[in-house]
Amino acid sequence: MEIIHAVHVFVRSLLFVLLWSNCEGRESELNYVTCGSLVKLLNTRHNVRLHSHDVKYGSGSGQQSVTGVENADDANSYWQIRGKPNRPCQRGTAIKCGQTIRITHMKTGRNLHTHHFSSPLSNNQEVSAFGESGEGDDLDVWSVQCDGDHWERDEAVRFKHVGTDVFLSVTGEQYGHPIRGQREVHGMSSPNQHNWWRSMEGVFIQPSQEPLRHDEL
């Protein structure tokens, strides 16, 4: 009887450890930005969210403009985190530091993009939204720059453009009509205080599970 009791105690202890480990794993998964997640990205220096809309630049490339807005409730500030062209990331997997991704605008289906055009206000490098239905070209690819193993949801990170080596940045210049008050978003050649971004509101996808909602959605 003592042996049977000891076995029961051991089995219960083992089950507890396994359940606890699984809960810990679930909890840690929720701490990361994952492939497929739909998020708003806040520039921590200027307190504006990455934004786009079907308004074209009047100069430079003439492509869809990308700006920064203070309004946290604007639905045009949602972006989906995706894999590279022809190299999709697995839905729900945590994005690694150094991983290359595409950042696709939810409303218009165009990808965050930069190229060798001058930005209209600061004369840095123009950032636009490019492509159709989530498909563009190789200049839509960005590397997530962070300190640990994965992109943590509460962590400030940088996005470095793979094709031109600039960092996604805001330095505070404001547009007039027709997008009055919105800030210029551009590419800068050096890492600095203007190119830190943090994930904010959104739907964070978990592996093989329902999306985790984290805001007004």
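Using the three backbone atoms N, Cα and C, a Cβ is placed for every residue, glycine included.
The signal peptide feature in TrEMBL is assigned to 1-25. TrEMBL lists 30-84, 92-147, 148-202 with the feature domain 'MIR'.
Taken as a whole, the domain 'MIR' (92-147) shows an average pLDDT of 96 in this prediction. Counting residue by residue with DSSP, the domain 'MIR' (92-147) contains 3 helix, 28 strand, 25 coil.
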